[in-house]
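One structure, as structure tokens, below. Some questions next.
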């Protein structure tokens, strides 16, 4: 996890513009570099480093003696870089995983390069010999990237939008900052004056397609067919592999643990893999909540079962509310459920950074979207519509859960790893018949739970624990985080403000006082940038006015049971 930033064709002084790069210093607390591009006085790179792999030679932009015209600035991890290096017999100059991007590009061009990368990434690749700039981002957008491209060819790229909003350009006083679309690469022509022209934007991978790099990943052969036992075995093989490949780091590994199915499966599998790899330190797991919260109790049970070094972080409603401003600034969004769920993750990341030496943090993000884990999937009219909704959620992850997971951890200099969004695991899961993936017997993610039922990784009551309502697991059911927030905003936003909401916020007009309060904070930090969020996250197939699962009848009946 690092921070990347680059300008091409800047009209303003680079020494002034580069101050914007410092807005993302939190992403790379270990080192910083600012570098001009030879022969182009208005082009430059800046890089904030979190040293996770190759602490000696991992500084960026990466340049190799073999390819003097190539410059690479990237944020991410390429898990199959050694397999590709050996297969193609590339001669490495460093131990950095991203070096493989330069070798692949030199061998076969940008299309082959991005299709062969097994990992998460956002990159800027400059080829001065062929006068090209390439941008690329991983399938689900696990690693963030934003860009500005003006009509006269000024290009600015950054890991977070906050590193671009204060840039200056003569022809555009208000620069349009946009997220770079996941699963795409862009080709741009570089002109002699440093300006660029976009040539094409290409979608290189759909989440339902088996990735092109599958033949190089060394996974044991999967069994064909959709018999239940076959599918369960394949899921275990692929999930184990997804966790194992993500052990690639020179820093200590930890794991967020809510006690729910997803984080518990990740933690249990991770600890097993660390033991097999003969890692000498104990796995640290981290849970957060208020006193008597369901998550704390469940996480404690999982930690005791797997034998991790467990940390519990307690917070109160006042601390949660006080964090809202910092959280919204870090997130760069005002989406209601994203903000709600981010507070706990932001506070626990702050604890991890301050009190431990764990830097690479595993988490269960992506599972709900992939395995139809949200409670409203019980209301799906058909298996086919549930499948379509699952794909939509995965496509929009970069606006919601993946955004939350990246920003809350990166704000404190941590690197997040998400095995459920592994290319092989997710594409296989999505290839299964739709009726296998829907909730069954009133239980969401039934297939995933079944797959690990005989593995003894988790206690049965955890494996079959129902999903908590978004961020509510961190508080007690009697006094939920949802309710705490409603009581707070009631005193911050009055009825007159709500009556004028459509006039003040014509785009994505907030319908609730909580939404209005978040929007106010967002506009204070990022005025006029509401378009970064195309729409609010909302459950489907019900008449919902709020994203909380506490408004769903299924959740209400489940909590009474």
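Cβ from N, Cα, C; glycine included.
So TrEMBL says this about it:
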- 2: active site, for GATase activity (ACT_SITE)
- 2-191: domain 'Glutamine amidotransferase type-2' (DOMAIN)
- 97: L-glutamine binding site (BINDING)
- 256, 288, 363, 364: ATP binding site (BINDING)
- 365: site 'Important for beta-aspartyl-AMP intermediate formation' (SITE)
What is the Cβ neighbour count of the residue listed as 'active site, for GATase activity' at a 10 Å cut-off, with all protein chains included?
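By my count, 26.
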Here's one to test understanding: among the recorded positions 2, 97, 365, whose C-alpha is closest in space to the C-alpha of residue 256 (ATP binding site)?
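Given the candidates 2, 97, 365, the nearest one is 365.
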Enumerate the residues of the same chain, 256, 288, 363, 364 excluded, that satisfy the criterion Cβ within 8 A of the mean position of the Cβ atoms of the recorded ATP site; list them in sequence order.
255, 257, 258, 263, 286, 345, 348, 361, 362, 365
Assuming the binding residues for ATP are exactly those in the record, 256, 288, 363, 364, what is the maximum CA-CA distance in angstrom, rounded?
15
Report, in whole Å, the straight Cα-to-Cα distance of the residue listed as 'L-glutamine binding site' from the residue listed as 'active site, for GATase activity'.
13
Excluding near sequence neighbours, so keeping only residues 6 or more apart in the same chain, what lies with its CB under 8 A of residue 365 (site 'Important for beta-aspartyl-AMP intermediate formation')?
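Non-local contacts for residue 365 (site 'Important for beta-aspartyl-AMP intermediate formation'): 262, 401, 402, 405, 416, 418, 420, 421.
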Counting every protein chain present, what is the number of Cβ atoms, excluding its own, within 10 Å of the Cβ of residue 364 (ATP binding site)?
23
Round to a whole number and give the Cα-to-Cα distance in Å for the pair residue 363 (ATP binding site) and the residue listed as 'L-glutamine binding site'.
21
Taking the Cβ of residue 97 (L-glutamine binding site) as reference, which residues of that chain separated by at least 6 in sequence fall under 8 Å from it?
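For residue 97 (L-glutamine binding site), the qualifying residues are 53, 77, 78, 79, 81, 119, 248.
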